[in-house]
């Protein structure tokens, strides 16, 4: 028998691990016990080239990892896990289209026999849609027509409707699928031999539909990281080749396709019905009793897989066809160990235990399915052996997933665990770290990778909160232009999305609505929320730079080459040297000059700008600033064709973060407005922190002049921060008078006082941050737990951010967290364009500048370096930063915190080669003392002393 997992993804798909490359997939297959693995994502050009470089034909109809790569990786594979791993070329394609008068969203798993057929298919698909931007491309192509194209390219194609019950994206999905396969594939249905059941259903559920009897039911992981491989898989009784696989799927009478390995379907995200925003989980009967409506909010419930199966079933529960294939329900080893050890599946303790079992017993699927229980008891303790025994017998405790929320499968309740002997023996399997003083490295540890979901994604509003009266007033506003003053955590993004969806609901064509923002991350978030909020086409969200490029392309004025930040800096360096300027200063000056249509510059600056533009013209290139500037100039200069094409194209333009716009962006918005266009802007002048880049806070206040008849609305309810955090932040802003500012009203509980720590130097400050984080995490090993760290901390590493004013501060912080073994990621320097500075998929403590933190939120935030000279920043040999903007920057930093806020400063700091003894930041001098709590102060006389908090 061999194990096959044919539906996976590469690192080129969205929301996937960077470790999804050929080498890590080969290693993952060894650890899991997979013999035949799909490559995933063969439609992506970069991925297919990587596969060509790293895979070779095995001469039998499959591919293997290149021998030299396999040899280099072999020492990482325990002897008990080693096996031949072969690959087949696979991809998933998302089709969104209309059929029979209804919008359909269907995912298809496609396997091709060789690179030649893949290249031919990609050439066809590239003419239909964009297959370059995502490893799983979205095409406006009927699934029937997709199958037809595949057959024309190569009749040997294996075409499998993917996860056929998923509500949102599948052939039977309750939201956008069909009631029969004939409706979807019509005359081509005979070319489909297999159906993928998906994580939220198992074979017995599918056996209830007699229409599925003629198909082979397959199961695959749909893995977005190597750790998720083989959570579902096929069991084959044939050679691991493409041809033999195709014959096995086609032959329903033979035994070449033996059966499947399955998730417990309850663990899938869409097994039951419910409404996640309202925390409502329902059975199919309860949904029917409620008429499909949420009793809390009145919205439509998400109908899960079990309900959908019952709706389409023509057989009773428990029916088994005579030729049904066997299946086994499994729980991933990491989850079994997680329950045994009472730690998260991605923690180091669980991973150490897993690696020990791989070495001593064998690959994961062998551990779960075949390993003798006595061996598991010997190697992992009685609790592990009992856990695996229960899983094999199906004796599990189940809580079904619903509306995108994964379900829970447990093997013990709390009382049973304590009654089973031998637990201590297993804990010995995961040895703790030795004392830090013996093992602490002098240099920072490599960033540690975990696979748990990052929580710092800026939801703006707590789940389940409906529109409040102020938000609803803005969403329903119908009398021309308006601007909304919205402080941190008041639900800006939710308002924008709700406004756009309400306009569509009122009958407006989605293509007549445009949402503008500043970063790719924000644009993607808006796009995702718009897609979640409605069926069918959604309004378009994009950055200003994307809008500028789109305009230039349509006018045939797009650049031959677009400079990125590094290329622009490289171009400017010789010019800066000749002018005796820092390259960064020259770059900033030029960028600011391009934020207005008619910049006023002195002779030197104008000469440098002209010289730079001449260099760009010679290379037929533009920089990012040029995209908006050139588009705006084409339209404002009265080019008849341009104005005709673009003015009035959108009936509604919605602009996010309006406090950060510059004059060119405002000019572009104004010229895009036709007689009936309405502009809605939202922002917060108290969060205007990009004046040094050319943003003009004054444009927020001048909105009513720029867009005649506009009114100003406001949001005052803060759903993010505790009352005490908000009191501190608002107290800070009282030193910058604004008659239009309204006091934010905290919805969250009072919470603990923000804590303030004074350290002797930056190294001591960093050590305090590290030790406090360990306390918040509840300790990283038994030694810390026994010392009282956290007393059972409730936070994960991804809940925590450490902020600083300058990137120069990051070094000491990263070294301290590295020595402590705390998983972390350090943000790159934020560029002048629209690129986002961090990857927030990882579950790690985030170290990032105050500027880079804008738009994010974290349960716990540390704000470090609150000293004169750092905040406000006094750069050497340059003018000081503007005081009010620095105050707003600190306000932004403080309001990133949801539950707990920690502040710190150093009594001594060496910066740019100069050691000083800075006073506390003058921004804090006038704040009432009762807004913070001083937790500890390091005396100046005790140099290098690093105190603990427990």
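Each residue, glycine too, has its Cβ placed from N, Cα and C.
Sequence annotations record features per position, and here TrEMBL assigns domain 'UvrD-like helicase ATP-binding' to 465-722.
Per TrEMBL, ATP binding site is recorded for 486, 487, 488, 489, 490, 491, 492, 493. Secondary structure at residue 487 (ATP binding site), as computed by DSSP, is coil. Non-local neighbourhood of residue 487 (ATP binding site): 684, 686, 687, 715, 716, 718, 744, 895, each in the same chain, at least six residues away, with C-beta under 8 Å from its C-beta.
Residues annotated as domain 'UvrD-like helicase C-terminal' in TrEMBL: 723-950.
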#### Entry: Residue among binding-site residues 490, 493 with least C-beta crowding, 10 angstrom cut-off
493
### Query
If you count Cβ atoms within 10 Å of the Cβ of residue 488 (ATP binding site), leaving out that atom itself, what do you get?
25
